[in-house]
Amino acid sequence: MPGGAILAATADTERIEAPVTVKAYLMCIFAAFGGFFFGYDSGYIGGVLGMNYFIHQFQKLPYPAAGTTDPNFVISSSNNSLIVSILSAGTFFGAVIAGDLSDWFGRRTTIIAGCLVFAVGVVLQIASSSIALLAVGRIIAGFGVGFVSAIIILYMSEIAPRKVRGAIVAGYQFAVTIGLMTASCVDYGTQNRTDSGSYRIPIAIQLIPAIILGTGLFFLPESPRYFVIKGQLDRAAQVLSRVRGQPVDSEYIQQELAEIVANHEYEMSVIPQNGYFSSWANCFKGSLFKSSSNLRRTILGTSLQMMQQWTGVNFIFYYSTIFLKSLGTIHNVFLISMIFTIVNVFSTPISFYTIERYGRRTLLVWGALGMVICQFIVAAVGTALPNDQSAIRALIAFICIYIFFFASTWGPGAWVVVGEIFPIPIRSRGVGLSTASNWLWNCIIAVITPYMVGEKYGNLGAKVFFIWGALCTACLVYSYFLIPETKGLSLEQVDRMFEETTPRESSKWVPHSTFAADMGLTEKIGVDGIEHVEAGSKV
């Protein structure tokens, strides 16, 4: 912009963002595609563990004759636990590291790097014919999934328009469900092959979405808030112009950038950055009893993702074939598992509307209540009538209803809230820690579940749903007392809401001013950078 353009502060809370454009939708929708290979990677392994050739190859057992069933022809509980959980262990560390990488190199660059690391892990899994190499491939792939799953949420939250941000981020969860369903369909199609293609084909297909996402991101812009953190406000203005479909010198771009800059300067005055370790320590500063403190927000993000895993839904997607086999009354367990993933896919888009119409908090409260009811019914029916065919059909039906409640509420809702609650100075690390918490509990559940339902160990069968029901009751209480409402607010307005209200009263809070107006901020962006031309009192 030759000569520069004046970025004047505005006190109008409706003028801090340009109108929504088709271009913004398309960018966010493509970024949400990152959820596909996360979902596919989580989904394919459950079917593979039940495939005859895979069991024959990896357990070194004689291939069974056609039409025979041998209760000992299974992957051992210890190997089941290792194969499934090792990915989550890698993802935990990948998500923690991703926060730093995204601040150093950019959100987009970190996601592309995650795709490359993931591809390396997939290649090792394809080449594997032993538990050891398969585990190495899955932990490396896990690092890549950690990069992508943490930063894709951050990236979408920072470029999505505020009025549709919840729906856009929910699109990520929708992509996850499509990945899960696709994996189940592929497993169903290859299960009866009597060669290594039975498991290598499902593994290899993961490369396709990773290549598409990694390549496509080269053509998407970096997050404007990343450039604000780096002090490159001219580039931030250019990115906002591209994302919002407005000229760089339009009032909308001036005012939105002024608000982001003012919020960043305010947060930096409150949360000074004094080095690497100090910046990490900032995530845990403040009072536990003050809702706006960094400590409370970090605990909120990490515990929310823990609660999402406590709903028990990944038990279904990781171990449904093993669980259904353990009931002893269902013949086509692969088909039933595929139906579960189809219900998951078709339930998630409901949240695109409801998360913006009714809000994040409302969805999480009612979703938890619905899941609690379904889980206790499944547990009671499966325990009281374990051999009754009508009871088993009812059990499967209520598992489908339970999946419906999760997919339309907690599935997308937890990711949306985590992407919105952190201030700029700790946002990347906060989202990274929250995602790491998700994968830590994912890993814990993946490790212990085979022992809970394995015939030689807990052999709980349907009684395992008493455990999930109890944990989901905790989710219900948690969401009622601790989840704030962030619907319709910009990320900067969410900061102010945390300072001025409590979670239970947050749905009534209305923005009354802007950071830029309060700070009297007026900036001038020139060709080579930014120059202060007028500024009022700083907070």
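Positions of Cβ are set from backbone N, Cα and C atoms, glycine also.
Just so it is clear, the model here is predicted, and its values are computed rather than measured.
Look at TrEMBL and you will find 27-487 tagged as domain 'Major facilitator superfamily (MFS) profile'. When pLDDT is averaged over the domain 'Major facilitator superfamily (MFS) profile' (27-487), the result is 84.
Among the features that TrEMBL reports, transmembrane segment is placed at 81-99 (among others).
As annotated by TrEMBL, transmembrane segment applies to 111-133 (among others). Counting same-chain residues at least six beyond the ends of the transmembrane segment (111-133), those with a Cβ under 8 angstroms from any Cβ of the stretch are 34, 37, 41, 57-58, 79, 82-83, 90, 94, 98, 101, 105, 139-148, 151-152, 155, 196, 200, 203-204, 206-207, 210-211, 213-214, 217-218.
Annotated transmembrane segment per TrEMBL: 139-157 (among others), in sequence order. Beyond the transmembrane segment (139-157), the same-chain residues lying 6 or more positions past its ends with a Cβ under 8 Å from any Cβ of the stretch are 28, 31-32, 34-35, 37-38, 41, 86-99, 101-102, 107-108, 110-111, 113-122, 124-125, 165, 168-169, 172, 206, 210, 213, 223, 415, 418-420, 427-428, 431-432, 435-436, 438-439, 491.
For the transmembrane segment (169-189), the residues of the chain that approach it from at least six positions outside its boundaries are 28-29, 31-44, 46-48, 51, 152-153, 156-157, 160, 201-202, 205, 209, 317, 334-335, 337-338, 340-342, 344-345, 347-349, 351-352, 355, 407, 411-413, 415-416, 419, judged by C-beta separation under 8 angstroms. What TrEMBL records for 169-189 (among others) is transmembrane segment.
Residues or ranges marked as transmembrane segment by TrEMBL: 201-220 (among others).
What TrEMBL lists as transmembrane segment is 333-355 (among others). Listed as Cβ neighbours of the transmembrane segment (333-355) (distance under 8 Å, sequence separation of 6 or more from its ends, same chain) are residues 43, 46-47, 50, 166-167, 170-171, 173-174, 177-178, 180-181, 183-185, 187-188, 191, 316-317, 320-321, 324-325, 363, 396, 399-400, 403-404, 406-409, 411-413, 416, 487.
Sequence annotations record features per position, and here TrEMBL assigns transmembrane segment to 362-385 (among others). Long-range contacts of the transmembrane segment (362-385) within the same chain, counting only residues at least 6 positions beyond its ends with a Cβ under 8 Å from a Cβ of the stretch, are 311-312, 327, 351, 354-355, 391-392, 394-395, 398-399, 401-402, 404-406, 408-410, 413-414, 417, 461-466, 468-469, 472-473, 475-476, 479-480, 483, 485, 507.
TrEMBL lists 391-418 (among others) with the feature transmembrane segment. Residues of the same chain lying 6 or more positions beyond the ends of the transmembrane segment (391-418) and with a Cβ under 8 Å from any Cβ of it are 153, 165-166, 169-170, 172-174, 176-177, 301, 304-305, 307-308, 311, 313, 316, 327, 329-330, 336, 339-340, 343-345, 347-348, 350-351, 354-355, 360, 363-364, 366-368, 370-371, 374-375, 377-378, 381-382, 384-385, 431, 434-435, 438, 462, 475, 483-484, 486.
Cβ atoms under 8 Å from those of the transmembrane segment (430-453) belong to residues 77-78, 80-81, 84-85, 88-89, 91-93, 95-100, 102, 142, 146, 149-151, 153-154, 157, 283, 294, 297-298, 301-306, 308-310, 312, 314-315, 318-319, 322-323, 326, 414, 418-419, 421-422, 459-461, 464, 467 of the same chain, restricted to positions at least 6 beyond its ends. Annotated transmembrane segment per TrEMBL: 430-453 (among others), in sequence order.
If you look up TrEMBL, you'll see 465-483 (among others) marked as transmembrane segment.
Using a Cβ-Cβ cut-off under 8 Å and counting only residues 6 or more beyond its ends in the same chain, the transmembrane segment (81-99) has close neighbours at 41-42, 45-46, 49, 75, 110, 114, 117, 121, 131, 134-135, 138-147, 149-151, 318-319, 428-433, 435-436, 438-440, 442-444, 446-451.
Within its own chain, the transmembrane segment (201-220) is flanked in space by residues 27, 30-31, 33-34, 36-37, 40-41, 44, 47-48, 108, 111-112, 115-116, 118-119, 122-123, 125-126, 141, 144, 148, 179, 182-183, 186-187, 190, 193, which lie at least six positions past its ends and keep a Cβ under 8 Å from the stretch.
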